[in-house]
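*Asks:* Here it is: the structure, laid out below.
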Amino acid sequence: MDNSTGTWEGCHVDSRVDHLFPPSLYIFVIGVGLPTNCLALWAAYRQVRQRNELGVYLMNLSIADLLYICTLPLWVDYFLHHDNWIHGPGSCKLFGFIFYSNIYISIAFLCCISVDRYLAVAHPLRFARLRRVKTAVAVSSVVWATELGANSAPLFHDELFRDRYNHTFCFEKFPMERWVAWMNLYRVFVGFLFPWALMLLCYRGILRAVQSSVSTERQEKVKIKRLALSLIAIVLVCFAPYHALLLSRSAVYLGRPWDCGFEERVFSAYHSSLAFTSLNCVADPILYCLVNEGARSDVAKALHNLLRFLASNKPQEMANASLTLETPLTSKRSTTGKTSGAVWAVPPTAQGDQVPLKVLLPPAQ
């Protein structure tokens, strides 16, 4: 670092090679993710009012996604200016902190949902006390405090770096610093791999419980399996490429901190993988609100009520609108959960926690 000029004589990375793809993807995420997450937040709020603990996790997930989306306009500007941050050091720290923390907050809440659904399907009676709204609120508070604290180190360091071409990088330094490399290893193993492994174990238990249920129809088993795999796929597709490159960059730096060759080769791929993490903000509400007939019906009703409200300007009509978000993975803790077109009945049993699931179709209209 040249202290007189504030210029960092680091690796030569060409910021012009990827100035179109990340901002284009971010604009797409803003356009799709903002309205869908607002709708998902309202749906989750309705779940919480019905004393459904899953709604607490969904609400926190939507809040995290919305906070992340609010930072994207500045990152669009950053990439369109060829990785040149023009909004000052304070905004760089704040928006970078929110941007990167959201990755691990989202993963943590997806993991919470996985554990909650495993307990609901595999052990509905034994762990009923853990599946309460108060417990979900406490767990959510711990998640926020833990993830924000674990990712707060950059707030106490200078995160603006000017290269030889007078570009001001925000939250990007090539090569990285040693403390950043060790923090990245923590993020990869504790923030990403551990929760994802836990999700795999939970959904393995879910699939085993569903498979052993003789009263669950084959079609419903397929739906539950598809939803289970979709949740795991969100984490894998959205976050795995980024963490693979993050791990590679950190490992190479710790082994050869003077070598810029690897940083220069993976620069474009690293930026693209980082942009792909934003697709999580689109996948979350789509997965939980649009993947099955019941949820699609509820969303259609919600949009219909919203249009009626805007057209008639009668707030009471909107207040009386009802939304119930019940799916095979979001059914309430009670012994009977309703979806559009089906009723999920869980009859009592004396066989411990092996509670069979049965779908009772309503009479034809």
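Heads up, the Cβ atoms here are built off N, Cα and C, so glycines get one too.
Dumping what Swiss-Prot says about this protein:
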type: DISULFID; residues: Cys11-Cys260; note: disulfide bond
type: DISULFID; residues: Cys92-Cys170; note: disulfide bond
type: REGION; residues: 159-174; note: region 'Extracellular loop 2 (ECL2)'
type: SITE; residues: Glu147; note: site 'Required for activation'
type: SITE; residues: His157; note: site 'Proton sensing'
type: SITE; residues: His167; note: site 'Proton sensing'
type: SITE; residues: His271; note: site 'Proton sensing'
type: TOPO_DOM; residues: 1-10; note: topological domain 'Extracellular'
type: TOPO_DOM; residues: 48-51; note: topological domain 'Cytoplasmic'
type: TOPO_DOM; residues: 83-87; note: topological domain 'Extracellular'
type: TOPO_DOM; residues: 124-131; note: topological domain 'Cytoplasmic'
type: TOPO_DOM; residues: 159-174; note: topological domain 'Extracellular'
type: TOPO_DOM; residues: 213-216; note: topological domain 'Cytoplasmic'
type: TOPO_DOM; residues: 253-262; note: topological domain 'Extracellular'
type: TOPO_DOM; residues: 292-365; note: topological domain 'Cytoplasmic'
type: TRANSMEM; residues: 11-47; note: transmembrane segment
type: TRANSMEM; residues: 52-82; note: transmembrane segment
type: TRANSMEM; residues: 88-123; note: transmembrane segment
type: TRANSMEM; residues: 132-158; note: transmembrane segment
type: TRANSMEM; residues: 175-212; note: transmembrane segment
type: TRANSMEM; residues: 217-252; note: transmembrane segment
type: TRANSMEM; residues: 263-291; note: transmembrane segment
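I'd like these features described in context: how deep, what's nearby, how far apart.
*Replies:* A 10 Å cutoff on Cβ-Cβ distances gives Cys260 (disulfide bond) a total of 16 other Cβ atoms nearby, all chains included.
Annotation note: Cys170 (disulfide bond) sits in a strand segment as assigned by DSSP. For Cys170 (disulfide bond), the count of additional Cβ atoms within 10 Å of its Cβ stands at 24 [all protein chains shown].
Counted within 10 Å of its Cβ, the other Cβ atoms near Glu147 (site 'Required for activation') come to 21, all protein chains included.
In the three-state DSSP classification, His157 (site 'Proton sensing') falls within coil.
Counting every protein chain shown, the number of other Cβ atoms lying within 10 Å of the Cβ of His167 (site 'Proton sensing') is 17.
Look at His271 (site 'Proton sensing'): DSSP puts it in a helix.
As a summary of secondary structure, the topological domain 'Cytoplasmic' (48-51) carries 2 helix, 0 strand, 2 coil according to DSSP.
Tertiary neighbourhood of the topological domain 'Extracellular' (83-87): same-chain residues 15, 19, 74, 77, 160, 167-170, 172, selected by CB-CB distance under 8 Å and a gap of 6+ residues from either end.
Per-residue confidence over the topological domain 'Extracellular' (159-174) averages 80 (mean pLDDT, predicted model).
Counting residues 6+ beyond its ends, the transmembrane segment (11-47) has Cβ neighbours under 8 Å at 54-56, 58-59, 61-63, 65-66, 69, 72-73, 75-76, 79-80, 82-84, 163-164, 167, 174-175, 260, 263-264, 267-268, 271-272, 274-276, 278-279, 281-282, 284-286, 288-289, 298-299, 302, 322-325, 330 in the same chain.
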*Asks:* Please identify the stretch among 88-123, 132-158, 175-212, 217-252, 263-291 with the greatest number of Cβ pairs below 8 Å relative to the transmembrane segment (52-82).
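*Replies:* The stretch with the most close Cβ contacts to the transmembrane segment (52-82) is 88-123.
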*Asks:* Quick check on the recorded sites His157, His271: which one has the highest count of other Cβ atoms within 10 Å of its Cβ?
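*Replies:* Neighbour-count leader: His271.
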*Asks:* Highest Cβ count within 10 Å among the disulfide-bonded residues Cys11, Cys92: which residue is it?
*Replies:* Cys92
*Asks:* Check for me, if you would, whether the transmembrane segment (217-252) reaches the transmembrane segment (263-291) - at least 3 Cβ pairs under 8 Å, residues 6 or more apart in sequence.
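*Replies:* When sequence-distant Cβ pairs are counted, the transmembrane segment (263-291) touches the transmembrane segment (217-252), since at least 3 lie under 8 Å.
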*Asks:* If one measures from the C-alpha of Cys11 (disulfide bond) to the C-alpha of His271 (site 'Proton sensing'), what distance in angstrom results, rounded to a whole number?
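*Replies:* With distance taken Cα to Cα, His271 (site 'Proton sensing') is 15 Å from Cys11 (disulfide bond).
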*Asks:* May I ask you to report the DSSP-based helix, strand or coil state of Cys11 (disulfide bond)?
*Replies:* coil
